[in-house]
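Enquirer: Structure provided below as structure tokens; questions to follow.
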Amino acid sequence: STDGAEGTSQIPASEQETLVRPKPLFLKLLKSVGAQKDTYTMKEIILSWQYIMTKRLYDEKQQHIVYCSNDLLGDLFGVPSFSVKDHRKIHIMIYRNLVVVSQQETLQSGTSVSESRCQPEGGSEQKDPVQEPQEEKSSSDSVSRPSTSSRRRTISETEENADELPGDRQRKRHRSLSFDESLALCVLREICCERSSSSESTDTPSNQDLDDGVSEHSGDWLDQDSVSDQFSVEFEVESLDSEDYSLSEGGQELSDEDDEVYRVTVYQSGESDVDSFEGDPEISLADYWKCTSCNEMNPPLPPLCNRCWTLRENWLPEDKEKDRGDASEEAKLEAEGLDVPDGKKATSSDSKESCTEENDDKEIYTSQSQESEDYSQPSTSSSIVYSSQEDVKEWEKEETADKEENVESGFSLNAIEPCVICQGRPKNGCIVHGKTGHLMSCFPCAKKLKKRNKPCPVCRQPIQMI
């Protein structure tokens, strides 16, 4: 807690050698740490802070802060605490407790040049208890000299004794340097390693090496490069904030922001007996067809009624050869008492036997139209429909039995056209989904669509099998 070189540099050179007399309370404080004189120079007053080190009034963590609320120093300065880095405030508090000695008193107390040169060494001895044993070994007569001798040094006195005592000057220069860093030495010796006992037993050159080593690392107690600052940095403990920062830098902990959340929606495609086409915006109510048996409104794509499974009228295309025998078939059916409107219904098994002699080709085409029922397009405008429920059931049985056998042979008139995808192979691959299917591509192209999980190109329904 001393000002050091920076504190003394703020005082003019002429005032540094000015003799001052401390006030009684300040003098009592100085004598409590070994001072024996009544007058001092301003430089000695500024640099004599052994009281703070003796009482250990400084903060252990922030050593530049001094707490003196319950001490004599607090009564002297009138403040509970202060910082040694605030030079201006310290100088003001010190000047309040000093009285400048007049020049007449200084001349009356003037002594020889050697006394004026050696007396500061004695004063330093009194103020620096660490260097007291060294001074007793180096010069025993300096202790017996009067303590009230003048400390004024003039340029002429320095020139007269320039060649007289080179060793003393070197030692004095060394003392001035070590005295400026006395508090820094005390910090190192008292707080860190307690080296004061070993330092007292060494001679002057070894002590000078120690002081020079300290002064190399510290220029001033108040500088940023001071011993206390280096000491605090050397033994600095990382705070919690810095520790958290290092952990986050190293990536050892992940915060909630690093978590990625994905929202997944799972749709369960449950199959029903009848495919639902109500969600298709392209299909309007006008496209629905009405069953002739039960008057049920059915979607346009399924060929069978959802309620009674009756085949839709005009589902399959009408053969030209069939138009030739429409009149004769109609007359025979009317004779048998069967209701056949417009002659567009397919004949029953009895009617087929009766018309075999007149139109042999009709029976062949009827069987072909029944076999190709599963592979026809829903967009055809005309078809042949069975007239009873028994015929419908028989047709369904034949459809399941002959489905795999007639994949390539049973084509409708629309199946003669090439595949709409490759435009090269015939339409022999039926895309089946639910109870319906579409014949619009060849078998290889249909397999590719199924393998790639593509929907049906016609109705956009998921493909179940080919």
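The backbone N, Cα and C atoms fix where each Cβ goes, and this holds for glycine too.
What Swiss-Prot lists as compositional bias 'Basic and acidic residues' is 124-139, 319-355, 390-406. Under the heading compositional bias 'Polar residues', Swiss-Prot lists 365-389. Residues annotated as domain 'SWIB/MDM2' in Swiss-Prot: 18-100. According to Swiss-Prot, the feature region 'Necessary for interaction with USP2' maps to 1-101, 262-466. Among the features that Swiss-Prot reports, region 'Sufficient to promote the mitochondrial pathway of apoptosis' is placed at 1-92, with the record citing similarity to another entry. Annotated region 'Disordered' per Swiss-Prot: 109-174, 197-223, 238-260, 319-407, in sequence order. Per Swiss-Prot, the feature region 'Interaction with MTBP' maps to 160-292. According to Swiss-Prot, the region 'ARF-binding' annotation covers 196-290. Under the heading region 'Interaction with USP7', Swiss-Prot lists 209-218. Among the features that Swiss-Prot reports, region 'Region II' is placed at 228-317. Annotation source Swiss-Prot lists motif 'Nuclear localization signal' at 169-175, citing sequence analysis. The motif 'Nuclear export signal' annotation in Swiss-Prot covers 176-188. Annotation source Swiss-Prot lists zinc finger at 285-314, 419-460, citing sequence analysis.
Help me picture where these features are in the structure shown.
Expert: Note on the region 'Necessary for interaction with USP2' (262-466): its mean pLDDT in the predicted model is 68.
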Enquirer: Counting by DSSP, what is the helix, strand and coil composition of the zinc finger (419-460)?
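Expert: Computed counts for the zinc finger (419-460) are 9 helix, 13 strand, 20 coil.
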Enquirer: Reported in the order helix, strand, coil, what are the DSSP residue counts of the domain 'SWIB/MDM2' (18-100)?
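Expert: Helix/strand/coil tally for the domain 'SWIB/MDM2' (18-100): 35 helix, 16 strand, 32 coil.
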Enquirer: Go ahead and report the DSSP secondary structure tallies for the zinc finger (285-314): helix first, then strand, then coil.
Expert: 3 helix, 6 strand, 21 coil
